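According to TrEMBL:
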COMPBIAS  1-10  compositional bias 'Basic and acidic residues'
COMPBIAS  14-30  compositional bias 'Polar residues'
COMPBIAS  53-62  compositional bias 'Basic and acidic residues'
COMPBIAS  245-256  compositional bias 'Basic residues'
DOMAIN    77-235  domain 'Exonuclease'
REGION    1-74  region 'Disordered'
REGION    237-267  region 'Disordered'
């Protein structure tokens, strides 16, 4: 039998088609050098889904720095206030339409829509966020004014361009107790005041006032700006008070000399 195989070796040669098939099988079994990780090619893989998540989902997961740090809604030694205005008279005159006060923990302790004394002719909704329905059951201006006056009395008041808010409320507040984020020296750019939304974006990394304003967010932003710079801010206030006190004493020392000279001339 073996002699027959030797004599006729061509009788046992592989079929050419079979040889090609074996060659294909061998080549497909070898991993390709340029092939990618099979896990990355699988669309249903969990890791693949995580990588493909849009940026908006990760942004939504970030905590809002303006949110209160606790649920304490007590009246603290420092309060922040923000007001929204409506148009009265010819529409170019501003009147109080809403006022919000938050404590140092940024919890809202007072938030009321206000019915102005004069008739509202422009709700300025695109900025104020106030609509006609909001003022239908709003509180009378005098009631709100009295409540706000009671809240801020003897306390440090924080806000942005506070003179506008106090003017709308027809109230005054001791200058030594005002902490205005539009006037704090480190917040100024080349001596110019910055808008609250710019300060919030640059210092706090949060966007506010995109469209209609929210007095709650604005008051919270002002309070957080103050809280982050409180030590530096209070130190500068004390330095200013000391300087004013020195200047006052110098003036008092000069007065007696002037009186003596006057009496000598008279004699």
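Just so it is clear, glycine is given a Cβ too, placed from its N, Cα and C backbone atoms.
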Inquiry  = Please list the DSSP helix, strand and coil residue counts for the compositional bias 'Basic residues' (245-256).
reply    = 12 helix, 0 strand, 0 coil
Task = Give, as a single whole number between 0 and 100, the mean pLDDT over the domain 'Exonuclease' (77-235).
result = 96
